[in-house]
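**Student:** Let me give you the structure first, and then I'll get to my questions.
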Amino acid sequence: MSSCVAYVMDYKLAKECSRIPNLKDRVLENIMKADLVDNLIKAYGLCKYMKISAAEPASYDDLTSFHSSCYIDFLREVNESDDLENVEEEEADFGLGYDCPIFENIYNFASWIGGGSLTAANILINEEAKIAINWCGGWHHAQRDEARGFCYINDIVIAIQKLREKFDKVLYIDLDIHHGDGVENAFSFSRKVMTVSLHKYEVGFYPCTGSLCDVGFGNGKYFSVNVPLQDGITDDRYFCLFERVLSLVMNAFAADAVVVQCGADSISGDPIGTFNLTPKGMGKCVERILSYKLPTLFLGGGGYNITNTAKCWTYLTSVILRKKLPTDIPDHLYFTRYGPDFDLEIDAGLRRDLNTIPEIENIIKVIAQNLSNLI
């Protein structure tokens, strides 16, 4: 397998990402400008170190490798309809409403979102690269027959299904501030995919799942690992916890490939997130994952402070490439969006850390006990 890093991005994929009604500002609308993340990565000159790969849209069969045919058929039916108001009764059955409204050409959108991560998975399968990146992916809330939490298609599950054609066991790691419920639910009965999610867990915080006791079902019991966190966790405490959990996971589960969701809403300054993390803290987690030298797919996810999201994923790209970046944002098309400091670094938050040492130790203890059942 080639040791190079593949980067999945093209204008068509960026254009489709820009059409999510509730997230239109995170990827810029103008198709000729790609997106904020891509432009910052290019401004830092990182593309010359990567294999640039255009995304291919997913087929109907690709989408239904996870999603129900009823759901995908409905998206296709809506795609071809001239009157979206006539489908209001049915749309509620598929979770299409408040946070996931229907919009024009929704099936085309679904095909590209699924296709971006599928393209990245195929790169790993075909040994074109050891690491693949798709920052337009990472939509972890979508269920088999239901859109949820801004997520219409679970590109992650589709990519994992594809990876399993070559890699027997796949480890999924979710660093988003929200629990990766859609991915966990998809594989909750499987012994071939282990899901690990570090997230905020609090009454009323979406999706209100992912407790320490949620471990999977049937043959998949103990193959779901949840690390519930409270507000204010810092880089040092987060990485220390992550490193210990990952060590336990790798000892219990012989992964052949890894998929990582790098939701930037975990980073300080996010309007939804409540952690004190910086990209450097997440970068240390990425370095630890890469130390296992497994075929790895990196995906995006949440991130609602768009300049911080671009900074975070650009920094993580540099970590993956082992390239040190200057902190001054380079002059480029969207330079003014990074004012007034024009600095790549993001300051840690100042929230009080509600994650106590006894609570952290208890999380480790419970996870260790659960995983001991697999050894």
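Count begins at 1; order follows the chain as displayed.
Even glycines carry a Cβ here, placed using N, Cα and C.
Automated prediction, rather than curation, is the source of TrEMBL annotations.
According to TrEMBL, the protein has these features:
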- 31-319: domain 'Histone deacetylase' (DOMAIN)
- ASP99, GLY149, TYR304: substrate binding site (BINDING)
- HIS141: active site, proton acceptor (ACT_SITE)
- ASP176, HIS178, ASP265: divalent metal cation binding site (BINDING)
**Student:** Measuring Cα to Cα, how many Å separate HIS141 (active site, proton acceptor) from HIS178 (divalent metal cation binding site)?
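**Tutor:** With the alpha carbons as reference points, the distance is 9 Å.
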**Student:** Note the mean pLDDT of the domain 'Histone deacetylase' (31-319), expressed as a whole number.
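**Tutor:** That stretch averages a pLDDT of 95.
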**Student:** Roughly how many Å separate the Cα of ASP265 (divalent metal cation binding site) from that of GLY149 (substrate binding site), to the nearest whole number?
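**Tutor:** It is 13 Å, counting Cα to Cα.
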**Student:** What is the Cβ neighbour count of ASP265 (divalent metal cation binding site) at a 10 Å cut-off, with all protein chains included?
**Tutor:** 25
**Student:** According to DSSP, does ASP99 (substrate binding site) sit in a helix, a strand, or coil?
**Tutor:** coil
**Student:** Which residues in the same chain, at least 6 apart in sequence, have a Cβ under 8 Å from the Cβ of ASP176 (divalent metal cation binding site)?
**Tutor:** GLY138, HIS140, SER197, HIS199, GLN261, CYS262, GLY263, ASP265, SER266, GLY301, GLY302
**Student:** Compute the C-alpha separation of ASP99 (substrate binding site) from HIS178 (divalent metal cation binding site), stating it in Å without decimals.
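**Tutor:** Spelling it out, the Cα of ASP99 (substrate binding site) and the Cα of HIS178 (divalent metal cation binding site) are 15 Å apart.
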**Student:** Roughly how many angstrom lie between the C-alpha atoms of TYR304 (substrate binding site) and HIS178 (divalent metal cation binding site)?
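**Tutor:** Cα-Cα, rounded: 13 Å.
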**Student:** Write out, in the order they occur in the sequence, the residues of the chain not among ASP176, HIS178, ASP265 that have a C-beta within 8 Å of the mean position of the C-beta atoms of the recorded divalent metal cation site.
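**Tutor:** Leaving out the recorded residues gives ILE177, HIS199, LYS200, GLY263, SER266, ILE272, GLY273, GLY301, GLY302, GLY303.
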**Student:** If one measures from the C-alpha of GLY149 (substrate binding site) to the C-alpha of HIS178 (divalent metal cation binding site), what distance in angstrom results, rounded to a whole number?
**Tutor:** 10
**Student:** Which whole number of Å gives the largest C-alpha distance between any two of ASP99, GLY149, TYR304, the residues noted as binding substrate?
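**Tutor:** Greatest Cα separation within the listed binding residues comes to 14 Å.
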